[in-house]
Amino acid sequence: MTGIDHDHQHSSWSDAQEKIIDWTRFPSKVRQTTWIDFIKTYPFEKTYLGPMSRWSDELRRLAVQIMSSPFPRMVYWGQEQAILYNQAASALLGSKHPNFALGNRFMDVWGPEIHEKHMKMIRAALDRGTVAEAKEMEAILERNGFIEETYWDVVLQPCSGPDGQMVAVLNTYQECTSSVFQHQRRTVIDKVQAIIPTVDSFPDLWTSVAKELRNNLHDAAYSLIYTAVNQPTESGYAHAIDRVDTFQLELQITSGVPAQTFESVVHAGEQFHRPSLGPVFAEARKTQQVVVLQQDRLPPELALLVPDRGFVTTACVLPVASVSGQQIAFIVLGMNPRRLFTDESRLFLSHMNDLISKAAALISLPEEQRRDQEKFEQINFALSQQLQIIALKAEKNEETFTRMARNAPFGMYMFDRDGNPKYVNNAYLRLIGLDRDTFEQAAARGLAWKDTIYEEDIDLASNIWTRIRDSKTAQTFEYRVKIPPVQPGEKPGIRTIETISFPEVDESGRIVTVQGWLMDISPRKRLESLMAQRLEDALETRRASENFIDMVSHEMRNPLSAILQLADGILGSLDIDLAKDPISLPADTVNMMVDAAQTITLCAQHQKCIVDDILTLSKLDSSLLVITPDKVHPPTLIEKSLKMYDAELARADIEANLVIEQSYLDARLNYVMLDPSRVLQVIINLLTNGIKFTRDCPTRKISVYLSAFEKPPVGGQRSVTFIEPRPRQSSLSTSPEWGPGGEVYIQFAVQDSGKGLTEDELKLLWQRFSQANPKTYKQYGGSGLGLFISRELTELQGGQIGVHSEAGVGSTFMFYIKARRCVDEPKSRQTSFSAPTATSPVLLPHTASAARRANVSEGSVHTLSSLASTVPPEDIHILIVEDNRINQRVMSQQLRKLGCVVHTADHGQDCLDFLQTTVFTSNSKNIPLSIILMDLEMPVMDGLTCVRRIREYEATGQVTGHVPVIAITANARSEQINIAMEAGMDTVVTKPFRIPDLVPRMQSLLSEYRAK
């Protein structure tokens, strides 16, 4: 249905809602009828219902409801069951209406016996929770000018009030008199039909017929059977009534009245005065049809008073003749005075008369002829019955399918092979926007369906039609139709239709018709378009967000890299100065400068962590974070994380320990398959928090606990409760890269002696952009992402994370991840605790930090002086390709301090030009060059293009050997790193970085290629 249709329905409904229908409240605003006027003025105040002004809302609604129905409806109100009914139901009450019924109690109107049955039905309905029903209930009514026998289907429906309890019963009546009569008459016909083969004499026939009339015929109050005085025997009918004017009949059997009521012998003939039975019998013999006697044609002797029914007003005479047409008997029926004699009554009697006449004819035939006649009659009857049933079924099926097609909610059509319409239903016309007259006019012009199709889709529809005719197969396709404008001047609308068309083929393979269905899929198309647009908007928003994050990350990493390297340079300069001239600066000044430089380094690293967290969060939001398993020795992984914080632990005088618990020793693990970078990221986040909140406490201690389990830990260790994980769509550790080893759960716990967290602060943990304490004037806060990302990474690896904390005591953060045992472990590493001899946990103190605690200032200076020890034994010639002059200058200074020979280039083209002058080419200059450090994003020529050119030169021989190239970039996404590696970079170092971290990477790369 179109939007216009919806608007029209909405308007129609709004108009309907404004109409007032409650005549009990607003009599002047409701159209009045004679019955409503009668009800409004009836003195209900004298009845159990009380005055109308005091009627409850429920009673008013029921009154309005039943008075508007054309069918009999009654309401039994309240505990007294006071009766309220509509005009159609007044006929059911007869003389009780209105004074004795309207507003009075059910018991007073119908009596205790009926009232008890009525209440029993209601109680049963309440027990079942359904309505109570009574099928084909007999009711004697005064209507149509006489006392009439009727039948009704009755439904009693309890009605509830505001408190949910029953306040009334709604009684609905549906008359079924006609169907009851038909059923009774079919029963009589079947009974009479059944006795025909069982009788072989006239006395048996009359006795059997009288019995069935007495037991089953409800249409007759009494029955009489008169036979000819000299009626024929089984072998003939010579003594039957001849075709003379007068004849004599004898009363054989009576039913429903005493036999002495009628004369035993009747002389029949047309010369007798009417009304009497003689002339009636003569008329029936002459016409051989059922004679109906009513009013002045009814003989007085037939107008009898039947007990419980009244005087007979209609009688019928059924003539029974032989095969040759001679009269054998007459059956007189005094019709039930409480049933209206109709055409159906006459047809029923005619049918029954035929059956009895056939039975009499069979008896009068010779035996052999009788058998043949019986077979013939049986076959004829069976065929006629079958034909009648088939005809009725066909007619009923045709009506059913026609009605179904007419009322179907989707379009149905039938075209001949040339495209001319043979049938379309109303829904088809509604979908193409035409009325039937307009469609038929278009069909007469040969444009029945083409005229409605959108111009751009006409060729499509024509091709599909041709394909159906050629392939004789069903086709499903979509096209658009033009919808005529509702208002003049408006543009035609467009509706998208989906159709299924299939050909009907005759025996010769020729298409007779093409049939099918139409469905309006415009709402679905609009929804698909909207979803596609929203998806595109979401993708564009995500792309914009990623680009923004990349830009911010890139722009922050460049200055952070310079800051870190300058701080290292300051520390290195102070170290060298002290070595050359210990008295050049006062010790306090040196220590203050060293402290300032170390603080700068810590701040820059802290800023780097925030940038890394934002980048990780971006990957999580985009579902781009991938878990990559590798062979890992968990204790070494923890040692590595502690090693990264050596300087900060020493400076804060924090004791750090690794504790390998008994469960890990019992598991006999050495190497396992897990993602070391993601696990390390979580441990680093927890260590960062531990250091931050422990550095200012009297007791400064951090312990990292390592344990292992065969099944997922349930929490409880060290009073830690795991938080419920979010549902994940897929399970990890099932892909082949994880190996065939058994599953194992590795658990890490970071316990500190810091200031702990309060209950309110604990509530903010694990939330995005939330900190336990947002105040940062005493110590640095974070981005509010660390613990949120830790939770995401933990759950992404099939684990959980939790915390236990007490304010002033400390905190324990614990998490576990799912891993697999490593089947083919590396043989290069053997651990001393793989086979423990004690049952207690193994404590491995972090000695490096302990050594540093002996003298923080001195230790820090010596650590920085280790820069000089990283100088390689031979000179390293480096080309730095960097467009940022600050980074270029700072990096050059630091590398030159280490003894490296450094050249610089501003972009990729400068790099290629310089390369032509180095030992990698046949140029006469042959400038030494060991390695290239190349930025990626530069003007003129970027780093990726440059490294591709270098690899092309190597392939074509323009460059001799392999030129080692390390990407120095602020683009830190894994996919960006992969792009750099695919372009030809040997390795990638992301900004910000420290020179002591860069030099080993260069040495390793140069050693690798020199070995080759």
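Every residue gets a Cβ built from N, Cα and C, even glycine.
Taken from TrEMBL, the feature domain 'PAS' applies to 397-437.
Per TrEMBL, domain 'PAC' is recorded for 475-533.
Per TrEMBL, the feature domain 'Histidine kinase' maps to 551-821. If you average pLDDT over the domain 'Histidine kinase' (551-821) in this model, you get 79.
If you look up TrEMBL, you'll see 877-1006 marked as domain 'Response regulatory'.
Non-local contacts of Asp935 (4-aspartylphosphate) by the CB criterion (under 8 A, 6+ apart in sequence, same chain) comprise Val881, Glu882, Asp883, Asn884, Asn887, Gly943, Ala967, Ile968, Thr969. Among the features that TrEMBL reports, 4-aspartylphosphate is placed at Asp935.
In three-state terms derived from DSSP, Asp935 (4-aspartylphosphate) belongs to neither a helical nor a strand segment and is classed as coil. The helix, strand and coil residue counts that DSSP assigns across the domain 'PAC' (475-533) are 12 helix, 32 strand, 15 coil.
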